[in-house]
Amino acid sequence: MPAFAAKIALGLLATAAVVAPAAAEWKPVKPVEFVVASGAGGGTDQFARLIQSIIQKHELMPVNMIVTNKGGGAGTEAFVYGKLAGADPHKLVFGTNNEWLLPLVTKSGYQPDDLRPVAAMAVDEFLLWTHKDAPYKDAAAFVAAAKEKPLQVGGSQSKDTDQILSKKIEYATDAKFTYIPFKSGGEAATQLAGAHIEANFNNPQENVGQWKGGQVRPLCVFSPQRMSYDQKVTADMSWADIPTCKEAGITVEQYQMPRTVWLNAKATDEQAAYYAGVMAKVRETQEWKEWLARTSQTDRFVTGQAFADQVKKEQAEARTLFEKAGWLVTN
Amino acid sequence: MFDNVPLLLHGFEIALSWHHVALMIGGVLLGILVGVLPGLGAPNGVTLLLPLTFSMDPVSAIILLTSMYWGALFGGSTTSILFNIPGEPSSVATTFDGHPMAKNGQATEALTYAFMSAGFGAMVGVIVITLLSSAVADFALKFSSPEFFAVYLLAFASFVGLGGGNPFKTIVSLTLGLAFATVGQDTISGSLRLTFGFDELLRGISFLVAVIGLFGLGELVLTMEEGLRFNAVASRISPKKVFQTIAKMPRYWFALLRGSLIGVWMGVTPGGPTAASFMSYGVARRFSRRSANFGKGEPEGVVAPETADHAAGSSAMLPMLALGIPGSATAAVMLGGLMIWGLTPGPTLFVERPDFVWGLIASMYLGNVVAVVLVLATVPLFAAILRIPFAVVAPLIVSVCFIGVWTVASAEFDLWLVLAFGVIGYLFKKLEYPIAPLVLAMVLGDKAEDAFRQSMLMSGGSLGVFFSNPLAGTLTAIALILLAWPIVAMILGRRRASAAAVAAAHVERSPS
């Protein structure tokens, strides 16, 4: 009996030892608002709502969450809202790399530094897609044709990720494009399926339906190595069978879009660390892994200083490119 | 063409389980509720329900969401008719004659006409989907920016060109609407327009905020001025009237048919339900034998837009499933849902998951029947609201309006904006400026602008692109003819008049 009591005491001690630092940790005390930098139904919206449902299901936070969509100005609205939140640590903003790209090209009412990076949770790949009957058998042939005369390419929004990529390819290869901005990647996918444009740079999820249906085909992926999903998508190809654009001779080695989570810049280290911890647990769940596989996104998890450094680096690169393209504005 | 029938029958087997019928009834009732609250509307309702569906199987999930969508569409017509507040963009055109009917004491009739024709339109839309699914999907792929612009131009032209009233006032209202639609980020250049440095204007001016102000609040102020009462108090409410009105439906067979055709066409192309309802109303007003009565409470003015709205709403599901293009905000949310359930919208969905697609189509037949029966049962209830003294109802309407505006974007600024639109709506009515062109311009203005500028990028600045293929060329030509119609009619009229005058003069002179 005494032995048993001692065990309990030991057990309690051990628990106390584990719990003690956790008790000092910051925790949200009221419902957390998930502010989404896109309209309902978009990629960023799915990202935020999936995380909400995972947190709810596995009880990873002691409070409720409310998702609000603020997609105005290509997401600017959400970041401005995050900036105006001030020191309130109960507002998380969900976006992509648009957080640090938007202020460079539009008068947007916030600076990238107004928000504090919490975590980058996955990266979405970009591919070069063309119509099934297009004469280009590979990416090299496509670029060669675009050097002869400008080709019409389409993408989602203006001066956003798709058009930035088209500029990068132009500068890297001397190809020439006429870029036509559509409202969404879905529209760009349909326009390509109907052969109204020559190519688009859609994310896997945006074009997979048309690929399966044999209306479009991928030429290359803008990633340092091939994608990892080797389950057949069409009769004879999987995502892993698509060559990288570097292999195909386009010197844009890497172009990916991170899915990101932000707090107001006034948030403390503990607060940022708390949310980064929650997101790390989200990333471990089966639901998260299934979502990545289903949408063919690449797993990558960056937090803290590493993420902040990455933001700085990518922003500097973007600034150089935008300067060359004549897109820069001062905020 | 009839290859699809066995598939559909299999779909009915899936949809006709107790579980699914219960989901349909629940979904429709929820939908009516969110539809009746202006601003909450179908997109928000579906978004709220979406997380609940993650644990369901995809067929049950889509049945619940689409049933809610039908319910919300019907609910939206209810508030359009009773309070002049369109719950959905596509039910704006229903207010033009629906609300005057309610004010004349014919609320029961107006609601019954609206629901019956909506049900009819939806049925036609679903039948088209069933019979023509593959052909329609191929046809929709032919549409690029020039064709889209031609479709929008057609919608504008049929509404504006065929409308009566002072053309200059129409132009003022139209251009004001275009200016409001411009606010916010421009798709083509990516820059911000007309935001004047206000962060609040970043998201643009929400169409729903404008409509709730212009119609709802504007109408309230007018009613107050006219003496704080609804004229509907005298109306007798009996379920019998519902059946009497249903019996009168066949009288409007032509309007039903024409509305369905316009609706299906706009749903498939895809111009969307809002454009369809405006176009159908415009065409009906121009070519109806009772066109003088339009705007004063003409049943045909309710039948025409409602039929087209629902025919477009249901036939628009096809491009969504087969191509992955969302035709509306609600469809966009549902598309997101499809992906979370693990389905890929696109041409292969029909092949890979026939149980899902045909289960959904079968549920559209059943869901609409369920919805019509349920909403017809609510008619006496809703019509009775008008018998409550205005002094009690009015504050309720105001608070419902503000709640609706708040749910659009949870923004305080919108509450002020809706007040401003209320004042504009009142002034427009007083000065006899038409509100409809402003609303139409706000809905279609930025889409038409995007399509036009995308076409210009594609063609290198040549207007010839709108005649570059038979499809775009035909659409553009019809639009231009409709646009020029008033001028042509005027010239023809004058020539006829002068010919008559000459003839008259000749007759006068001849005896001498």
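The backbone N, Cα and C atoms fix where each Cβ goes, glycine too.
A quick note: this is a predicted structure, and the numbers were derived from the prediction, not measured.
Taken as a whole, the domain 'DUF112' (B:22-440) shows an average pLDDT of 84 in this prediction. Annotation comment: TrEMBL describes B:22-440 as domain 'DUF112'.
For B:20-41 (among others), the entry in TrEMBL reads transmembrane segment. If you look at the transmembrane segment (B:20-41), the same-chain residues 6 or more away from its ends with a CB under 8 A from one of its CBs are 14, 49, 59-60, 63-79, 85-88, 208-209, 212, 216, 363, 366-367, 370-371, 374-375, 378, 400-401, 403-408.
Marked as transmembrane segment by TrEMBL: B:110-136 (among others). If one looks beyond the transmembrane segment (B:110-136) by at least 6 residues along the same chain, the residues whose Cβ comes under 8 Å of a Cβ in the stretch are 1-2, 4-5, 8, 70, 73-74, 77-78, 81-82, 94, 97-98, 101-102, 241-242, 245-246, 249, 252, 255-256, 259-260, 263-264, 267-268, 297, 299, 302-304, 306-315, 317-319, 322, 350, 361, 364-365, 368-369, 371-372, 375-376, 379, 382-383.
Residues annotated as transmembrane segment in TrEMBL: B:148-165 (among others).
Annotated transmembrane segment per TrEMBL: B:201-222 (among others), in sequence order.
Same-chain residues lying 6+ beyond the ends of the transmembrane segment (B:262-284) with a Cβ under 8 Å from its Cβ atoms: 89-94, 96, 121, 124-125, 128, 136, 139-140, 143, 147-148, 151-152, 154-155, 158-160, 162-163, 255, 294, 300-301, 303-316, 318-319, 325, 327-328, 436, 440, 443-444. Feature annotation from TrEMBL assigns transmembrane segment to B:262-284 (among others).
Nonlocal intrachain contacts for the transmembrane segment (B:320-344), taken as residues 6+ away from its ends with a CB within less than 8 angstroms of a stretch CB, comprise 42-43, 46-47, 50, 53-54, 58, 61-62, 65-66, 69, 72, 133, 136-137, 140-141, 267, 270, 272-273, 313, 350, 352-353, 356-357, 360. If you look up TrEMBL, you'll see B:320-344 (among others) marked as transmembrane segment.
Residues annotated as transmembrane segment in TrEMBL: B:356-383 (among others). If one looks beyond the transmembrane segment (B:356-383) by at least 6 residues along the same chain, the residues whose Cβ comes under 8 Å of a Cβ in the stretch are 7-8, 10-12, 14-16, 20-21, 24-25, 27-29, 31-32, 58-59, 62-63, 66-67, 70-71, 74-75, 78, 82, 107-108, 111-112, 115-116, 118-119, 122-123, 126, 129-130, 232, 235, 237-239, 242, 314, 317, 321, 343, 349-350.
Annotation comment: TrEMBL describes B:390-409 (among others) as transmembrane segment.
What TrEMBL lists as transmembrane segment is B:474-492 (among others).
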